[in-house]
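Worksheet: one structure, shown below.
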């Protein structure tokens, strides 16, 4: 009962991470627009349609190549393009086609925007179009850069100061910075506050994985850690729903920020994890938390921390006495992930899978609003398809194995990317279904790689392996928005890149060993032998200790690292 309450409370706040990660898909929409008018309009002409106001023209607008002809009250006739405007010289006849002399001017009077869908976005608020368009395209990549930095900073703080304080700070930070974004006064303050919001959102998501894993029992740990992703996906669905209901960007941002306010009000009740308290030798505090858990769960004889610690220390001492290798204290670095060809090949493959999974995940998510049809429904479905995705991943991982699940779904992702290119653009429903299938398949691979990475590497470099893979994941999320922008070069370019990366990852994954049912390795020698290779990193690591209590505590910690 206690663990269930802690889990669902912590996972619920993960929705806010999904909300803020994808909020920009509607907040930074660029609607149809033309140059502003230097005067009052008396009539408007668009091809053969004559209207009294420009607002009536937007329903006829089909391409950025279009322009609008307007006649002012003083008789002047202007052609309004997206990034320039021209005044017709010596013409009083209002006609759409004109081959006479024109004087071209810049858009010094601002721009006129189509507000039929969105009353206001950050693009229309600060005119992020034409020569300022690049500023709009930096909104999502800058946010993802904050995600990368936040994961590193708050992950380290959580190890030093505890999970509880980071959970508190990042939860409050998401609410405060989320509301603050809505009240920024210019583009640069908007970007700074959004960057801080990205850092605390990422920090919460990273630490929440560790937090729930350290509370949940071993049997449920895989399912529990995987389904934190499901709450993230629910956040994406909330973005679609709020975007449909609220069409002014700053009101939209406020509603998104208060969606998880209940957790912010009660997160201070969450305790520190006994695992972290024990690692800091705060045995009395750990015992208090365990006693609270026992009362909630109606356990009459809770475990005694003092007994566990005495057994652990005895096993550690006996292990050290039987081992004269002084390299136990050796500090390992990222070069150990390349100690021989087999481990190096494994590391490169794992890094590529992390990068591809993140790239594909965000390319499918961010592109969903450009698929045609109802963009709000598209994003909602792209989020909803993740919910069964993680159920299938958990079942397949335990039945078929990690590698045997990863390879088919990576290949399926690549195949779907190719198939989408051959679907006619007017088949909107088929395109949306194919993109949902692509998101489903890449989601399985993306969720699986967390645990698979931890099982592929030995104890001494496991946290390094998962940490470096997570960094490649963040790099993929930074690159993803730029990849989506390549649609302007060729509409299928993002899918082509994701498909190539997924296929390459699948081919390299064939050479990885299967880890299902195999014990976690402790040394690089054992990790190399798991791949049925003869070469090893001998001399670099000590033989594994065999103390029973140490093994149990170590396994607990390693599975914690796997989700981190």
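Heads up, the Cβ atoms here are built off N, Cα and C, so glycines get one too.
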TrEMBL annotation (transmembrane segment) - matching range among 490-512, 513-535, 536-558:
490-512
Identify the transmembrane segment range according to TrEMBL, selecting from 103-123, 250-270, 271-291.
250-270
Of the residue ranges 224-244, 308-328, the one that TrEMBL records as transmembrane segment:
224-244
Same chain, outside the transmembrane segment (490-512) by at least 6, Cβ under 8 Å from its Cβ: which residues?
345-346, 348-350, 352-353, 355-356, 359-360, 363-364, 367, 403, 406-407, 410-411, 413-418, 420-421, 438, 442, 445, 456, 483-484, 531
What stretch, picked from 166-185, 191-212, 250-270, 348-364, 404-423, has the most CB pairs under 8 A with the transmembrane segment (134-154)?
191-212
Using Cβ distances below 8 Å and needing 3 or more such pairs, separated by at least 6 in sequence, tell me whether the transmembrane segment (250-270) contacts the transmembrane segment (464-484).
no
Same chain only, please: residues at least 6 beyond the ends of the transmembrane segment (376-397) with a C-beta under 8 Å from a C-beta of the stretch. Say none if there are none.
18, 22, 25, 222-223, 226-227, 229-230, 232-237, 239-241, 243-244, 364-365, 368-369, 405, 432, 435-437, 439-440, 443-444, 447-448, 451, 516
